[in-house]
Amino acid sequence: MLEGLLIGLQTALSFQNLLMVIGGCLIGTFIGMLPGLGPMSIIAIMIPVAISMGNPSAALILLAGVYYGAIFGGSTSSILLNAPGVAGTVASSFDGYPMAKQGKAGKALTIAAIASFAGGSIGALLLMIFAPALSSVALLFHSAEYFALMVVGLSAIAAFAGTGQVAKALVMTILGLIMATVGEGALFNMPRFTMGIMDLQSGFGFITLAMAMFALPEALFLVLKPKTAQAEQDSEIKDLRISRAEAKAIAPVIGRQSLQGFFIGVLPGAGATIASFLGYAVERNIATKAEQEEFGKGSIKGLAAPETANNAACTGSFVPLLTLGIPGSGTTAILLGALIALNVTPGPRLMIDEPQIFWAVIMSMFIGNLVLLVLNLPLIPYIAKVLSIPRNYLIPFILFFTLMGAYIGQNNATELLLLVGFGICATALRFADYPLAPLLIGFILGGMLEDNFSRSMQLYDGIGFIWERPMTLGLLVIAGLLVVLPSYRAHRARARAQGVADGD
Amino acid sequence: MTTFSLGRRALMATALAAMAFSAPAMADGHKVLDSIHFLIPGGAGGGWDGTARGTGEALTKAGIVGNASYENMSGGGGGKAIGFLIENADSNHGTLMVNSTPIVIRSLTGVFPHNFRDLTLVAGTIGDYAAIVVGKDSPINSMSDLMAAFDADPRGTAIGGGSVPGGMDHLVAAMTFEAAGKDALSVKYIPYDAGGKAMAALLSGEIAALSTGFSEAVDLAGAGEVKIIGVTSDERVPAAPDAQTMMEQGIDTTFVNWRGFFAAPGLPADKLAMYQKALAEMYATPEWEDVRARNGWVNIHNSGDDFKTFLEGQEQVIGDLMKKLGFL
C-alpha cells in the first residue's frame, strides 16, 4: 500500500494534475453555489473536455474534483437562499437557513465548510485504507435492506415532531410520497396518475420540486411580507467565527457522521441524500432534550450533521465505482461512462493493473478538500454579503436561477409551468404554517421506497422478506425507535413535570 | 450563465473544428449536406444524446456535413419529440431525430400515440446485442445450466434487468426462455431502475442472472466480475470471442437493440437520399471509427427499406411476446 501511496502522490502532485484538482474544485464549488445547478449536468457537459485530455488520471481527478466541489459548494445556496441545488444538500437548509435568518450566515457557512472538509478528508482516508475490503460491504445490502434503510430515512421527519406540527408534517410527508408515484415507475409498464398529460410521464423533476418548495416561496415571501423580511435583513451579519464551546459541540457530530455517511455512501443504492437525512435524524435523536428543541431553528449540530455526511458519502460512493465498476448514483454513472471511454475499466483489477489511477484519485481528494477549505474560508464574509443585497436586486436574482435551474436539465418548458404552479401552492402552504421539507423528503425517498419494497415482495413472494433477513428487521426496529423515542421522552418529561406539580 | 457561455464556446469550437476539417474535405468533394439539426428526445447525457452528438461530431469532422446543431427535447419518455416532429413536419425538413428500440415497444403499449410508420425512416446506424450474465462465482456456466436451475426452482431463480417489466431487458429474457422451450410467463423478472443497480443486485446474490446490454456486459466481464453465458447475436462478437451465442447453445433467438435516425413525415425523396448518403459515407471515415470505438458501439447499418423491414420484423416478434406476457 505504501508503494501505491507514493505512486499516487507522485501522480497527483504533477503540475497538470494539480491544475486539474484546483480547476475541478473551482468549477464544482461555483456551479454548486448557484441554486438549481447540481454536479450531474456540469459533469455531463465536461465529459468531452476530460476525454480529449486523453490521460485517465487527469480526467478522473478533474471530474471527481467537480463532483465533490459541487457537494461542497451546494450548501451555500441552501444556507443563504433556502434553495438547495442538489438533493444531498436539502437537509443542510433545515438548520442552515434559520441560522442565516438570525444573522449567523457567516457562522453557518464556516460550519458547513469545516464539516464538509472533515467529511471529505475522513472519507478519503477511509477510502484509502478500506477500499478493497469495502467492496464486499457494498454488496451486503439486498432490496429488502434498502427498503428498510429508506424507512429509517423517512424517520427523519420525526425531527419535525418537536415543533408541535406532527400532524402537519405527516400530511406533507404523505403528499410527497403520493407525488413520487406520478409518472412511469421503474417497476411498472404504464404511466400512472399522469391524467393523460405527456409531460408528466417521466414524473416530477427533483430540482423543479425543490425550487418550488424552497426557493420560490422564499422569493414570494420577500415580496408579500416586505416588513418582516426587511426586519430580518437589518440584522447584521455577525459572528463569523465559531466559539470554542461550539467547536466542542460539533466535533463529535462530525466524527460520527464522517463514518456513518461514508458507509452509507458505499452502498450503491443509497448515496449522499440518504446519508444527509439519516445523519440529521440520528444526531437529533441522540442529542439532549435542550439541543433537540434547537433542531430546525438553527442548530449548529443540525447543520454540521448533514454537511459532514453528504461529503463523506460522496467520497464513499467511489468505493463501488472504483472497486466494482458499479455506479450508485446518476453522477457516478456518468463518471463510469467517462472512464470506460478512456479505456479504463474500473473493477477489482483496477488497483492491480493501473494503481497510479486509483491512488492518484484518492490523493487528489486530500489535496482537493484542502484547496476547497482554503478557497472557501476567506471568501465566506463576501459570499455571506449576498444576504445584504437589497431586496429589489436579490429577488430577480433568485427567480432567474430558480427558473434556469428547472429548465436547463431537461430543456422542457413544462417544467417552468410546474415550478410556478407548485411554487404558488407551496407559498400558500407556508402561510398556513405547513412545513415543506417533509414533502421533499417523502418525494425523494418515495420512489426508492416503493421500488425496493415491490422488488422484495416479488423476490420473496410476499411480505415475508421482513423477517427473512435479520438485517432488514434490525433496520426496521431502529426506524421504529427513531420515531417513537422522541415522543416517549416528551411524554416522560411531561409526566415527571406533572408529578412534581402533584407533589406540591 | 456558465452553461450558456460554455455552450457557446463549445459551439464555436465545433464550428472552428468543422471549418478546419471541412476545408480539405470539400476540396475532395466529400461534402454531402450543409447542415443537420439533431432532435434528441431526452436530456443531456443519456444514450440518445450521446448517439446524436457522436454522429454529428463524426459527420462534421469528416467534412460530410458542414454544420451540426442539437436540440434536447425531453418529455413523455421521448413521445413529446415524436409528436413535435409530426406536428411541425413542414418546417423540419432539416431535422433528424435519434431513436432506438423503445419506439417500437412503447408504440405497441400505446404509451406513444404514434409509431415509426408516422415518420420518415432514414437509417438504423448502430446497435448493441443483449446478453445474459451471471456473477463470477455462480455455479451457472451456460444457458443450459441456467435452464436446469430454473427447472429445479422457478420461483427462486430470479432474472433481473435494468428496464420495466415489458421493457427491453425483460423481453430479451422472456424471448430466450421461450425459445428454450420454457414458459416465459413463469420467469420471475425483477426490474431495477438502472443498469448499475441491477449489476449490484447480481453480485450480491439477490438475482440468479441478469439480462443486460452486451457492451455493458463486456466491460464487467473484462474486469472479471461476471460471466457472459449467452449473447443474442448471430455469430460471436469479436469484443468477447469466448462468449457463446444463444444460437450455439441451441436457443433459436437473436436480438439487436438498434439506434437510428428518423425524419419528419413527408420529407422529399431527394432530401432523404442525401441524409442516407451522408450516414452511409460516415462509416468509412476514421472520425467515425474514433467515435464508435470510444463509445463501444457496434456498426449495424440498415438504410431505408431495409430499416423498415427490420423494424416491422422486430415489431412482430416483440408484439407477439408482449401479448403472451399479458402486456397487450
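Using the three backbone atoms N, Cα and C, a Cβ is placed for every residue, glycine included.
Note: TrEMBL annotation is automatic and uncurated.
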I'm validating the feature mapping. Which of A:12-34, A:288-310 is tagged transmembrane segment in TrEMBL?
A:12-34
TrEMBL tags one of A:79-97, A:421-439 as transmembrane segment - which one?
A:79-97
Recorded stretches the transmembrane segment (A:326-345) and the transmembrane segment (A:41-67) touching, at least 3 CB pairs under 8 Å:
yes
What stretch of A:41-67, A:109-134, A:202-224, A:262-282, A:357-380 shows the most Cβ pairs under 8 Å to the transmembrane segment (A:392-409)?
A:202-224
Pop the mean pLDDT for the domain 'DUF112' (A:18-440) in here, whole number is fine.
83
Same chain, outside the transmembrane segment (A:109-134) by at least 6, Cβ under 8 Å from its Cβ: which residues?
5, 68, 71-72, 75-76, 79-80, 92, 96, 240-242, 246, 250, 254-255, 257-259, 261-262, 265-266, 300, 303-304, 307-316, 318-319, 322-323, 348, 351, 362, 365-366, 368-370, 372-373, 376-377, 380, 383-384
Using a Cβ cut-off under 8 Å, which residues of the same chain at least 6 positions beyond either end of the transmembrane segment (A:469-488) come close to it?
140-142, 144-145, 147-149, 151-152, 154-155, 158, 161-162, 281-282, 284-285, 292
